[in-house]
């Protein structure tokens with residue numbers, strides 16, 4: 001009897017503990033429901049219609065309905081935090097906050113202004129009335145008869161015919177060069193600018209082989225063409241691509257129209273000044289476009305852009321190699337003809353009895 005009484009008491013204790021446990025669980029669920037329920041559907045709050053409950057609760061966005069006894073609890077599903085994919089936009093954001101100070105464009109502009117001012121200050125008085133007051137024997141002028149002085153293919157960019165020529169190039173290279181350098185960096189823009197300058201003198205040496213050359217227009221047009229390369233590579237990631245393209249087209253159109261007007265329709269003394277080297281502009285732009293495809297940052301790689309890269313490399317290398325070989329052959333030929341001419345002249349003078 002004592003054992004039976006003890007078993008009954010233990011059973012009562014167990015039942016009491018289970019009831020207390022169930023009560024505590026219900027309180028916990030009720031508290032959790034208050035904290036997690038957000039915009040509970042009407043069907044989820046009604047327990048009278050089971051089919052309606054199942055249908056409506058299954059359509060609740062990112063929620064889960066459960067029954068426990070007489071109560072219905074709404075709990076949000078745990079949505080795992082998935083890492084963002086390495087998309088093109090994320091690749092672009094890596095560069096947005098890494099902007100570069102435009103050292104190259106600012107420094108090259110200051111140097112060009114300083115050299116122009118120095119030339120004007122030290123210029124002989126008789127040169128001020130000339131259309132191009134720069135002396136032809138300057139060590140910076142590109143001269144076709146001194147092609148072996150290789151620095152002249154670059155140094156001519158520091159000289160300008162007049163204040164208008166200088167100011168025009170400075171304004172344009174600041175306006176178009178600074179945004180490119182801020183985004184793509186000093187080294188890339190420096191390479192593009194110098195490639196345009198070099199291409200300008202190379203192209204002139206091939207097409208207008210007797211022309212002297214001054215001015216930084218080859219580098220300026222390289223920057224303009226680099227904008228086209230940048231737009232082609234990163235159009236989908238640029239907010240003002242159409243505006244940039246329009247500004248380049250407007251500038252080139254105005255510059256070309258002004259050059260044609262002054263050459264063919266304007267009879268003023270200003271129009272009779274130094275002629276514009278269209279070849280330097282064109283070859284500078286070609287260099288800027290091809291080198292731009294090669295060195296500018298590409299924020300979204302696509303399959304066809306690899307083909308553009310190789311095509312640009314091939315075009316630039318072919319043009320450069322052809323121009324260099326042409327200059328070497330032309331220079332050697334000219335020297336041989338000059339030496340042969342001197343020999344022939346000496347023979348003629350000897351035959352005529354003139355020492």
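Backbone N, Cα and C define each Cβ position, glycine as well.
Keep in mind the model is a prediction, meaning the values are calculated, not measured.
In the three-state DSSP assignment, the secondary structure recorded for residue 217 (active site, nucleophile) is helix. Long-range Cβ proximity for residue 217 (active site, nucleophile), meaning a same-chain Cβ under 8 A and a gap of 6 or more residues, is found for 169, 200, 276, 277, 280, 281, 284. The active site, nucleophile annotation in Swiss-Prot covers 217.
The secondary structure of residue 281 (active site), as reduced to three states from DSSP, is helical. Residues annotated as active site in Swiss-Prot: 281.
What Swiss-Prot records for 1-10 is compositional bias 'Polar residues'.
For 1-34, the entry in Swiss-Prot reads region 'Disordered'.
Residues or ranges marked as topological domain 'Lumenal' by Swiss-Prot: 120-162 (among others).
Here Swiss-Prot flags 266-275 (among others) as topological domain 'Lumenal'.
Per Swiss-Prot, topological domain 'Lumenal' is recorded for 330-355 (among others).
Positions annotated as transmembrane segment by Swiss-Prot: 99-119 (among others).
Annotated transmembrane segment per Swiss-Prot: 163-183 (among others), in sequence order, evidence recorded as sequence analysis.
Within its own chain, the transmembrane segment (189-209) is flanked in space by residues 102, 104-105, 108, 142, 144, 147, 152-154, 156-157, 173, 177, 180-181, 216-223, 225-226, 277, 279-288, 291-292, 295-296, 316, 319-320, 322-324, 326-327, 330, which lie at least six positions past its ends and keep a Cβ under 8 Å from the stretch. Annotated transmembrane segment per Swiss-Prot: 189-209 (among others), in sequence order, evidence recorded as sequence analysis.
Annotation source Swiss-Prot lists transmembrane segment at 211-231 (among others), citing sequence analysis.
Annotated transmembrane segment per Swiss-Prot: 245-265 (among others), in sequence order.
Same-chain neighbours of the transmembrane segment (276-296): 180, 184, 188, 191-192, 195-204, 207-208, 211, 213, 215, 217-226, 228-230, 232-233, 259, 263, 308-309, 312-313, 315-316, 319, counting only residues six or more beyond its ends whose CB sits under 8 Å from a CB of the stretch. Taken from Swiss-Prot, the feature transmembrane segment covers 276-296 (among others), and the record attributes it to sequence analysis.
Summarising the annotation, Swiss-Prot assigns transmembrane segment to 309-329 (among others). Note on the transmembrane segment (309-329): residues 147, 195, 199, 202-203, 205-206, 283, 286-287, 289-294 of its chain, located 6 or more positions outside it, place their CB under 8 angstroms from a CB of the stretch.
Within the chain, the transmembrane segment (99-119) has long-range Cβ neighbours (under 8 A, six or more residues past its boundaries) at 133-134, 140, 157-160, 163, 166, 169-170, 173-174, 177-178, 181-186, 189-190, 193, 216, 219. Mean pLDDT for the topological domain 'Lumenal' (120-162) in the predicted structure: 80.
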